[in-house]
Amino acid sequence: MRFDYAYIVQHGAPGENGQLQGYLEMLGVPYSSCSSYVSTIAFDKFACKCYVRERISVKCAPDAFIRQGEDVDAFVSGPAASLSYPVFVKPTQGGSSFGVTKVGEPSALAEAIRFAFKECPMVLVEQGVNGRELTCAVYRNGEDVKALPIIEIITENEYFDYDAKYNGHSDEVCPAQVPDELRDLVQSTACDLYRCFGCKGVVRMDFISSDEGLYFLEVNTIPGMTSASLVPKMVRAAGLDITDFLSTIIDNS
């Protein structure tokens, strides 16, 4: 069977990590998302932050990286010792906050790292940043890179974990009630990141706004597109028709 076009909506592997994109590229089938190269970088939280740090002026939380098989206790007393607590322990690949733990003290870090290794052989320990969690989706329309209205995520839980994301334990304020200067900064930074990566389709950028400035968290190259997902809420807040919006994505990919 020969496909004329593929609109990719699958999260995780193989839809978000570059595998499906690479397969479609080999077949010569156009598709809706970022290239296999960009998808691979964006899917890995550590690689993504390294890429961003080298190319764009945006804050990233201090972190430390460990591979499975390395000495966890030596890592805790060595590279991770420079981080201030709380920290977030994250598998570098994956989504929906699987394997993520918020750790409040060094004595609990090793256990959280070993838990994260169950999801991925590479783990990122990231210093927590206090502030407002904001997210902004960006897309291309012709020569223009456009940002949708931003959303503030307010959760009842300690952080935006799986329970908060999928069991209704969070409020998603759209458009976010933030000062115009912060709104403009989030949108312009999201557009800069989109261009920096060479993104395609609709991509969502996550940030924390703290007293120290705006911190970049991650890129979501396959954002959720159900009626309850963040991007459709942004589309509606922008006064756009979702069918027309998806047609724009297809026409520009």
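Think of each number as a place in line: the chain as shown, counted from 1.
In case you wondered, yes, glycine gets a Cβ from its N, Cα and C as well.
Summarising the annotation, TrEMBL assigns Mg(2+) 1 binding site to D206, E218. The feature Mg(2+) 2 binding site is assigned by TrEMBL to E218, N220. For 50-251, the entry in TrEMBL reads domain 'ATP-grasp'.
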Alpha-carbon distance [N220 (Mg(2+) 2 binding site); D206 (Mg(2+) 1 binding site)] in Å: 8
Mapped DSSP class for D206 (Mg(2+) 1 binding site), helix or strand or coil: strand
Predicted model, mean pLDDT over the domain 'ATP-grasp' (50-251): 92
Cβ packing number for E218 (Mg(2+) 1 binding site), 10 Å threshold: 20
Packing count at D206 (Mg(2+) 1 binding site) (other Cβ atoms within 10 Å of its Cβ): 19
